[in-house]
Structures are given as structure tokens and as C-alpha cells.
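Asks: Sharing a structure below in C-alpha cells format, with a few things to ask.
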Amino acid sequence: MASGLIDTNFSSTLANGMSGCDQSTVESLADDPTDSPFDADDCLKVRKYWCFLLSSIFTFLAGLLVVLLWRAFAFVCCRKEPDLGPNDPKQKEQKASRNKQEFEGTFMTEAKDWAGELISGQTTTGRILVVLVFILSIASLIIYFVDASSEEVERCQKWSNNITQQIDLAFNIFFMVYFFIRFIAASDKLWFMLEMYSFVDYFTIPPSFVSIYLDRTWIGLRFLRALRLMTVPDILQYLNVLKTSSSIRLAQLVSIFISVWLTAAGIIHLLENSGDPLDFNNAHRLSYWTCVYFLIVTMSTVGYGDVYCETVLGRTFLVFFLLVGLAMFASSIPEIIELVGSGNKYGGELKREHGKRHIVVCGHITYESVSHFLKDFLHEDREDVDVEVVFLHRKPPDLELEGLFKRHFTTVEFFQGTIMNPIDLQRVKVHEADACLVLANKYCQDPDAEDAANIMRVISIKNYSDDIRVIIQLMQYHNKAYLLNIPSWDWKQGDDVICLAELKLGFIAQSCLAPGFSTMMANLFAMRSFKTSPDMQSWTNDYLRGTGMEMYTETLSPTFIGIPFAQATELCFSKLKLLLLAIEIKGAEEGADSKISINPRGAKIQANTQGFFIAQSADEVKRAWFYCKACHEDIKDETLIKKCKCKNLTVQPRSKFDDLDEHHPAPTFTPPELPKRVHVRGSVSGDITRDREDTNLLNRNVRRPNGTGNGTGGMHHMNNTAAAAAAAAAAGKQVNKVKPTVNVSRQVEGQVISPSQYNRPTSRSSGTGTQNQNGGVSLPAGIADDQSKDFDFEKTEMKYDSTGMFHWSPAKSLEDCILDRNQAAMTVLNGHVVVCLFADPDSPLIGLRNLVMPLRASNFHYHELKHVVIVGSVDYIRREWKMLQNLPKISVLNGSPLSRADLRAVNVNLCDMCCILSAKVPSNDDPTLADKEAILASLNIKAMTFDDTIGVLSQRGPEFDNLSATAGSPIVLQRRGSVYGANVPMITELVNDSNVQFLDQDDDDDPDTELYLTQPFACGTAFAVSVLDSLMSTTYFNQNALTLIRSLITGGATPELELILAEGAGLRGGYSTVESLSNRDRCRVGQISLYDGPLAQFGECGKYGDLFVAALKSYGMLCIGLYRFRDTSSSCDASSKRYVITNPPDDFSLLPTDQVFVLMQFDPGLEYKPPAVRAPAGGRGTNTQGSGVGGGGSNKDDNS
């Protein structure tokens, strides 16, 4: 109804508007049979512009009036009637009226819905109509450009001869129909009448009809069609052309700017060419394009002055327009330039070169993390790295990071996007990538939130491509379970987790067994180049040479096939100058998983065996593949071993090392069944010769908790049970009635086989019985005899976890393991591990299980396990206890690591290692303060002094001095107690690398020095999680490298054990089986002293190469480096600090004070049995094995 009224009104308005116009010209033209042209000058003497203008105004006012009248009528006539009661007689009439209104309402609603669908962009018809309206609007605008190119504003021309007006009229008829459709679809008719696009129609449609009646044209306000350009962004979105916010914003800015510019130019053109009213005699002739030029120059505030407004109306409009136009120009143009300049800088799609691999790196992308990653990934020591590194991050790089990318532009590319968006994954071609690496923020405030974000990234990657290889960094060990439970996660396909907490604590744990080992391993998997200098100290040059060593893999040449591992290692070291650490042993069955075996006992090299080497570069390791006996046997210079032309590589030649088999006897396999045991106790004559044999026997079979055996090269092999029993009895007398449980031999088909065919040299100090200064009485490590009454060793059975890799005990409550200061002070702890833990009750869990588990590896005998004493907040430890309750020999002192009384109570001066850890979250305010507690604790211990009393400085008795004069005798096993805190073995965990300068007061480290070059790190007394950054690159290039490193530092954690722990139930105990007990027979880390014992001969001016060969042949131990005093002078102010030398050359001179890092075999030999009879009174001075380091539970070893 409203639309009909509008149509009628529109026609009447046109007629009424024309009634006042002069029709004489029109009539004369109509009467002219020849259709002669107008006399233009006579026609234009009378201006008719107001007719065109009034038609537009009247149309607007008429439409507005109709809408207002309709609303008033609806308000008066259609008011809501009051509800009538059910019995009211007018109710029927009301119902009929309502039904009629509902029918009309339904009809109007359907019409409105139809019109709405027709003009919306949601349907195909709507999209076509919207695009058609835009195209016709632009076509009408082009017609205006054509008409406005002349300087005439009003022109007399017969309509039938005016082609442009005829075309424009056809367009306007279409716009009029579209106007009515929009009017019907509008929910608020009054507001619709006041819309901008409605005014465009008011001032463009009616004048086209007026021109027919007057036979003249007025340029008028047709330039308003330019405002239709503002709909370009909407139309492009309807057509799915614009999808990103930046492109939509750019289209909006450009369309608004151009629309306003062209519209304002049309107004200036109209006003200047018309002149000022009322006589219009000062017209300023300007073309439309000149006006366009004039406006852009004016808006940009340049204003050349070559074009300007002369009319009053033109100038007035310009004044007001500049207030808007200048602001728009100043805001829009910079934003447009920014969007155009940066829109596609890091967008687009990866263009892969044919045959070139690429990896995608995401997660925590900053200058620091990226620079560390690229420094290691693109290191020159690697073989030609033909891999492109693609970084994907949601934020654009800052200037520093952008500069880094430019310096590596040939191998690095950055894309802006998120790993959670499949479109961005498609852009960087994740499905074609070689691997996807996820970096973590090591300094984050919330480690669990950081891990959750990275795990979600892995889920997104695996959801997009489930066969892509993923290597991820995680902060917390307990979050590893969520990752392992992802269905498409498969470690067999190369997926790997680098858990920073697990590896960090594992490195620290191994340093408890062999101080300095954390530094050695960290340097091995980091790619570094070393440069020695004569200006530097000798110890610095020795250390730097070791930092240049890395771990590589290479396939062994056919020359090695069939020879034992020890023999192959000797050949590599002496001939190729390579250190062979481990080999990959393939499964016996086809398709079975291969495993990495470190220093395997009795394994022989098979064809295509992959070896793990320590060397300076990948080129050096190639010698292992190039080596050929026929071509290279006589070559003395290892650098000359190159690829030969020998074709007979398939035939295995007999190596000159084959005659060494007699020096490498096959190791004895220890059966899992219960062995025969000999319990002997008695008195034997004490001549010195027999005592020497007894001491050798005891120390050969009672190994230290630090991980090495105690036998000597000169000891006698026991050939029968009786001799062994007598010797054990004498040993029992020697060590204060300690009753050993001896497994001297086992019977196999009537023959007696010795427990281990490798002799055992003594290792670094530890906690079992040694001589003290009072008459050679033993001072075993552990708890005093009066503290051991609660432990019944005969009735307790020792168990392992279900995999057989770790010692296990039934769950203990935390309260049973808590000591107060008095209880700790009454406990003579020795050879133990003190963990100084700084934590608040709500601090994030760091996973203390990862520190204790390597110290509970099953390749230690039970009595060798070091007691772990944790000093810290018991409220925090209670949260960790669920993961510690099944691990034996743990005590907790609820105290402060900064309290000297607490430190004295736990005998920190007698410990084998003091670990200083912090679980507190670093502050954002000042990151350097994150390590304040750890540094204070370290300096506090170094400033302490201790009494030189019994049990502090253990000295050798005279009888022992006589024994040690022979080649076969052991060294003093117990670490001498420290009188000064500076000599306490210590390792401090740091969050910030730069804080390492505060640990040692006697060094001259520069704050800008890299961590690995600082003295505390070189000495193995500091460790920071940043050194683990290199593992990402190492794991990518060598899938087995992380497995090897994890095996070395975790004590034997396997993927199967990881899956068990991922269940969340913790370690599960298991019955010993043949398979699980065989897992005990694996290599471990140890430290051997050259001061005394069977290897002492090499300490006096010996060479490292001779030591290496002798240790490998005689004891099956693989030497990997030295731990040497920094100051080798005997001056009184010489430092007691040692530093790490990784894999010295074979001609390297040794010193008696050196300690050797070794990978030693498992010793299944004689077990140690604590006494059943209490020691005589004297108590703490004659401490026996208790629940301290050597006691606390069962020590019955079913596999000995």
C-alpha cells in the first residue's frame, strides 16, 4: 500500500514541478516538422536548473510525508484493543479483526522477506542483483564523466537526439525499481528514507525524467553516483574475494577516499561552472578533471595556486570541505600505505625448490631462540645442510629478528600466521615438510600453560598431517603424558619430545656420579668451533678443544664386520682418531626394532652397522666408512684415509686387530635364576699376603655408589668355591664383622665360571666401607649403627620396576622419610647426595623423580645406591612425593638451604654432590634475580668451614699404605671430607646464563661471555637449561642421538617405560624375569682416579692413548675424557677446581691427580651383605651399613 502511494505521488510531483516552467520552447520544437536544432543561446537565456533541483526535493519530501502519514494512520487506527473476557459479545468481532490483521501481516511479512532475499548477498539472486546495481551505478557515473568533461553545466538538446541521456534514463528506471525493493525490505521505512544511498537516488532519478519534459540537460548532482564505490568492499566479500581483515580494511579505506574525492570534485565543478546566484554571470570555466586535480592538491596541503575557486559558493564549500577532507587525507593515506606496504610482506605461500627439503619451526619465536637455533642448525661442522628453515609465527618479526632473517635469507624464510590454522599450514606446506619443530619459552611464567599451548600446536599439526615428524620442547615432565597419548604420535616414526626438566635433572644426576659429566655431554651435542691461542691458559686450550667435539653417526665400513665392539673401538681410536661410543644393534627378527647399545659387552659388528662417534667434524667421521684394510692399513696419517677404489669391500678381510681376541674375552652372561650364595664368617690368619688378597676380593665385588667396580688388575681369579669362601671370611674380619653375601661362581655343566671376566679398577669415592684414621677401622657410608635397628635386611626383598631398569620399593609415606634437624645431626651421612631445593608450596612441579631415578638405575647394586637427602619445603615436596614414594633411600629435611645449621645437620661436607635447584617462577621485573636463591646458597656453602674430626678427613692406616704399594691394591674409596666449603662438590642450576659470573669469586668471567666459555661451566659446577637448545637440531639430523643421550643421562629410560609413566600411575614394581633382569646388564657412567690402583702406572707421565687401550682391554671400560685440576702447581694458593677435557688426543700427557670419565660395564659379581650382629659400642665412630647411603631396605640381589 505504501509503495503504491509512493508511485502515485512520484508522478504527480513531476507534473506539478513542471507546471511553472516555460513550455514555449518545447511547444515550438514540437511544432517544427523538420526537427531543427535549438538555438542554444536563446534557450540558455532562461535557466531551468531549479526545475531539476525541485523535482528531487519534492520527491524526497513527498516520500517522507507519505511515510509519516502512514505511521500516524497506523497509530490511530491500529491501536491494540483491550482484551475481552471469554463471555464478552464483542469477542467474536475482535477475533475476526485479528484474523484479518494476521492475514495482512503475513502478506506484508512474506513480501518483506522476498525483498530482503532479493537484495542480500546471501543468495545467488541477491549477489547477482547487488553486483548488477554496482555495475550500472559505475556505468551511470561514467556517463556523468563524459557529460562533465565539457565546461557546460546546462545544455539545450532534444532528448531524442541525446544518446547519453537515453542510456542514463534506462539505468535510472532500474535504480527506481531497486529503490522500491529496498523500501519494501526495510524494517524501518522512515530511517530508510534518510539513508545516504536513498539521497543518491533522490538527486539522480527524478532529473532524468524532467530532462525528457524540458528537452534540456543539467549536469546536476549526478556525481553522487560516485558514492556507490563505497559498496565495493561489501560486494567483494559477497563474492569471497576479500577474506582477510587487512584486505577488507584496505578496500574500505580506498573506496571511501575515492568516493569522497570524486564527489567533492563534482560539487566544485558544478558551483564554479554555474557562478554565483542570482544572475550567474561570474561562472569560472573548469573541466571536471581539473577539479579532481585541484582537490587532491588542496587536500594534501600542497596548493600550487595554479587552480583556485573564484565563486563565493565554491570558496565557501571548500572551506568547510577542507575541515573534513584534510582530516581524512591525513588519516587514510598513511594507513593505506602501511597496509599496501606490509600486507603481503610475510604472507603468500612457500615456493619450494625442486628436490630441496624444508622444515617448519613454530612456537616461541624470538630473536634469542631463533639465533640459538640457527647457530646450531646451520653450523659449518655439519655436512652440507641443504634444508630450508621456515618460521611460522602469528606476530611479525621485530627489527632485530628481521635483520637475522635477512642475514640468512638463502636458507631461512618467515611467514606470518598461526600453526592452529589449516590455511596457514597449507601456506607453509607442512604436509611436504621434512619435520615440524616446536620451540618452548624456557623463561615463561607458567610452564604448564606453555606446555599446553605447544601440545595444542602438535595436535593441530597432527590433525592436518598425521604422518609429519614432530620434535617438540616441553618444560615439565608430567605434561609429557598428554603428548604420548595423542593417537597419531609415534616415536618409531621419528616423533620426539625434548623435555627440558627431565634432561636438565638427568644431567645433574649424572654429575652426582661423575662430577663434570653434565658439561662434557652438553658440549658434545652442541655444534661449536674451537680456536686455541697461545695467549690463553693451558687449561683453557685443553677445555676448548673438547668443546669442539660433537656426536656424529656413520655407518661402519665392511672392514669392521665380525669383530667385537671393543676391538672396533680400539681400531677407531688408534687408527682413525675417532671415539666410538655405541652402535645400533638390529633386532634378531625381521621387522624388530633396533636398539642403541652403549659400549656393549660381547657384541660383534654386523654389516651396515651404524656407529655413534665423538669427533671434531662430520668429515672426520667419514673415515669410519672409508676405512679399508687393504688400502689404509699402512697409513700413519689419519687425514689421508679417503674413499678408496677398492671393489672387494664385500669380502671381510682379517684385521690386524683380530689377534687381540685373547685380550678381549667374551663377557660372562649373568643368568636370572637365583645364584648359589656362600655365607662365610670366621677368623683367618692375617699375614700380609692373604690380607692383600682379601682386600682385593672385597673391593672387587663391593662397588661404590658412584658407578664403578672395585676390583684390581692384579687380583687373583677365584677358581673354586672354597678358596673364594676363605677369602671372603678374611674380608669379613677386615671390615669389622661385615658379613658379605658372596656369589663367587656358578656351575654351568660342571665348570666354574668367574663372575666377571673383566677386572674392576677402583672408582671415585663413595659410600661403602673404607679405612679411617683410627687404626684402619672401616667407616662405611650410611647411617650410624644405632640408627639401623629399625631395618631388617634379612626379611626385606629387593625389587625392580616392571621393566627391570630401576630399583623399586613399596610406597613409603612422606612422614616416614622426614627428618628434623636433630635426627639428621645424629645420622652419620657420608657419600650421599644433598639436594638444596628452593620452592614455594605452590611453585610449579619440576619433577624430582628425574633427578632421583638415574641414581636408582638397576645397573647399580642396592648397596651402591647413594642416599638422597632433600633440604627444602616439605609442603612442596609433598606434591612431588607421589612420584618419589617408590624410590628407595630418600630422606627429607624440612628446612632452608640457606640455613647453615640445616646444611651441617645433613653433613654437606661429606656428601658426594650438593645439587642446588630452584622451582620458583622467575619474575618479569628483573630476570637476573631469578637465580638469587641459588647463588646465595652456593656462596653460603663455599664460605662455610668444618671441623677436622673423625669421619671428616679419612686417612689411610699404615697397613693400608703397605697394601697400596702393590699394583693390585685399591685406592682409598671414600671422598675426603671437606674442611672448607669451597671444596664441597657442588652443581648449581641457573635460569639466566649471565648469572654464572656470580658463582665464582676468583674468576674473571665477562658478563657477555657465552656460558660454555665460563669457568663454572667448564668445571662442571654450573648448569643452565639453555644448553639444551642444541638438542632440537641434533635430534632432527640424527633421530637416534636423543635416544643415546637420554639413555646415558636417565639411567636407562626407554620408550616402553615412558608409555608406562604416561599412564599416570608412576613406577610399578614387577617380578624379576629373565628379560627384565637382563636389562641390568648395561653400561653406566663412572669416574676412575689415577692416583692409586691398577691404573696408577699411567698417572706418572703416561699417555692417554695407552690408558685408553689398557682400560678397554683389561676392564672393558671406555674412556671418554679427563677431569683435571685447573691449577696443577703445588703452591699453597692453587685452586681445587677441576675442569673437563673431552676425548683428549692419544699423545696427551696424564697426571696422577687426573680422574677419568669412563663408560663401564655392569658388574654382576659379589654382593654385599650388611651385618646381622651389631657392632661394638663406639657407635658412630665405627659406622656400619644402615639405611643411609648403603642401607635402608633389602640388598638381596636376585641377579648376582
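Each Cβ is built from the backbone N, Cα and C atoms, and glycine gets one as well.
Reproduced below are the annotations present in Swiss-Prot:
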COMPBIAS  746-776  compositional bias 'Polar residues'
DOMAIN    356-498  domain 'RCK N-terminal 1'
DOMAIN    830-974  domain 'RCK N-terminal 2'
INTRAMEM  285-307  intramembrane segment
MOTIF     301-304  motif 'Selectivity for potassium'
TOPO_DOM  1-48  topological domain 'Extracellular'
TOPO_DOM  70-127  topological domain 'Cytoplasmic'
TOPO_DOM  150-164  topological domain 'Extracellular'
TOPO_DOM  186-189  topological domain 'Cytoplasmic'
TOPO_DOM  211-214  topological domain 'Extracellular'
TOPO_DOM  236-250  topological domain 'Cytoplasmic'
TOPO_DOM  272-284  topological domain 'Extracellular'
TOPO_DOM  308-316  topological domain 'Extracellular'
TOPO_DOM  338-1200  topological domain 'Cytoplasmic'
Asks: Who are the long-range neighbours of the motif 'Selectivity for potassium' (301-304) in its own chain, taking Cβ under 8 Å and residues 6 or more past its ends?
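Replies: Same-chain contacts beyond the ends: 326.
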Asks: Within the same chain, where does the topological domain 'Extracellular' (308-316) have neighbours whose Cβ lies under 8 angstroms from its own Cβ atoms, ignoring anything closer than 6 residues to its ends? I mean 6 or more beyond.
Replies: 268, 271-272, 274-277, 282-284, 294
Asks: In the predicted model, what is the mean pLDDT computed over the topological domain 'Extracellular' (1-48)?
Replies: 47
Asks: What counts of helix, strand and coil residues does DSSP assign across the topological domain 'Extracellular' (272-284)?
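Replies: When I sort the residues of the topological domain 'Extracellular' (272-284) into the three classes, I find 3 helix, 0 strand, 10 coil.
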Asks: Taking residues 6+ outside the topological domain 'Extracellular' (272-284), which of them lie with a CB under 8 Å of any CB in it?
Replies: 47, 49, 151-153, 219, 291, 309-314
Asks: Would you list the DSSP helix, strand and coil counts for the residues of the topological domain 'Cytoplasmic' (186-189)?
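Replies: Per-class counts: 1 helix, 0 strand, 3 coil.
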